[in-house]
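Trainee: Next up is a structure, given as structure tokens.
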């Protein structure tokens, strides 16, 4: 119990620091407890639904995290990844780079429950953020007090995906530069990569490491552990487009340190996982977590980095809308019905959240 309390205290202090940074931010307009008055049961509804979903399909935990991160990096955390294509527009979800994304039906189901309880109040962007957050919590990771009050965007274009998605073979320099575009650091890269402790990847995401890595036939990536390469070849034959493989085979449904232990042993599934060993700072973080006896530091860091990511490109103050159905933009008549009370008590709620979390840290 003592070690668990210590871990919670570390997480509480780290999140309190993130809250303080958010309080002084001029870019992020989400706030903590945005639905306390307008839909007080919102977060409970999301958690209950995600608990049921992951009980039936544990592998969707990683899928929800990936869906949220893709949404944030392409146009901001405003739910554009959820929009369907139309006759005149190919949406982000139909980009070839996003063909492996899963979880849209989960978001639609949760949104329907929220619409029944509080019509026109909770945005699809927030449903996605909360579902990703709860995926961490339900799989034994840290609780993250995610800011809410995001509004939904009304634009989604497949053309925006490639410029805002790291290439599968991106170098560590490319990855750090990419994260820097969103005011995220090399540490954020190493920490958020830890989300690969849950979830799966389709064979095409890493098959280039197994077959024809160089001009010579049948040569594999020499930085990948040879025994792991053999195992992966047994799971993914050349040309296999459908098979899903665990990102962290040691504990693919538990949010823990297994991912870092795999990467440190040259068993990171994706090329971008292995790339973390090629930079002094990211390698040091991987090594430290791989050798850690408890996940307290990782949990605290992940909570802070997740909050940082969740602030990217947020829409608020009526710059977006509250979609009634996550896959389509509201007609004008529905858009005009978006509630105006979401940001009214932001400062009070934020101050209250900060004080509460600091108090929790002191108590623990």
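The backbone N, Cα and C atoms fix where each Cβ goes, glycine too.
Found this in TrEMBL, in case it helps:
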- 196: heme b binding site (BINDING)
- 39-118: disulfide bond (DISULFID)
- 72-77: disulfide bond (DISULFID)
- 124-326: disulfide bond (DISULFID)
- 203-236: disulfide bond (DISULFID)
- 1-28: signal peptide (SIGNAL)
- 66: site 'Transition state stabilizer' (SITE)
Trainee: Across all chains shown, how many C-beta atoms besides its own are within 10 angstroms of the C-beta of residue 203 (disulfide bond)?
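Mentor: By my count, 19.
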Trainee: Pick out which of the disulfide-bonded residues 39, 72, 77, 124 has the most other Cβ atoms within 10 Å of its own Cβ.
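Mentor: Result of the Cβ crowding comparison: 124.
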Trainee: Measuring CA to CA, name the entry from the recorded positions 66, 124, 196, 203 that ends up nearest residue 77 (disulfide bond).
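Mentor: It is 124, whose Cα lies nearest.
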Trainee: Out of the recorded positions 39, 72, 196, 203, 236, give me the one sitting nearest to residue 326 (disulfide bond) by CA distance.
Mentor: 72
Trainee: Provide, as an integer number of angstrom, the distance between the C-alpha atoms of residue 236 (disulfide bond) and residue 72 (disulfide bond).
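Mentor: A Cα-Cα distance of 30 Å.
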Trainee: Going by C-alpha positions, which of the recorded positions (66, 72, 196) is nearest residue 118 (disulfide bond)?
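Mentor: Sorting the recorded positions by distance from residue 118 (disulfide bond), the top entry is 72.
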Trainee: If we check Cα distances from residue 39 (disulfide bond), which of the recorded positions 66, 72, 124, 196, 203 wins as closest?
Mentor: 124
Trainee: Quick check: of the recorded positions listed here (66, 72, 124), which one has the Cα closest to that of the residue listed as 'heme b binding site'?
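Mentor: Ranked by Cα distance from the residue listed as 'heme b binding site', first place goes to 66.
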Trainee: Express the distance between the Cα positions of residue 124 (disulfide bond) and residue 203 (disulfide bond) as a whole number of Å.
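Mentor: Rounded to the nearest whole number, the Cα-Cα distance is 30 Å.
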Trainee: For residue 66 (site 'Transition state stabilizer'), which residues in the same chain are close in space, meaning a Cβ under 8 Å from its Cβ, but six or more apart along the sequence?
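Mentor: The list for residue 66 (site 'Transition state stabilizer') reads 101, 195, 199, given in order along the sequence.
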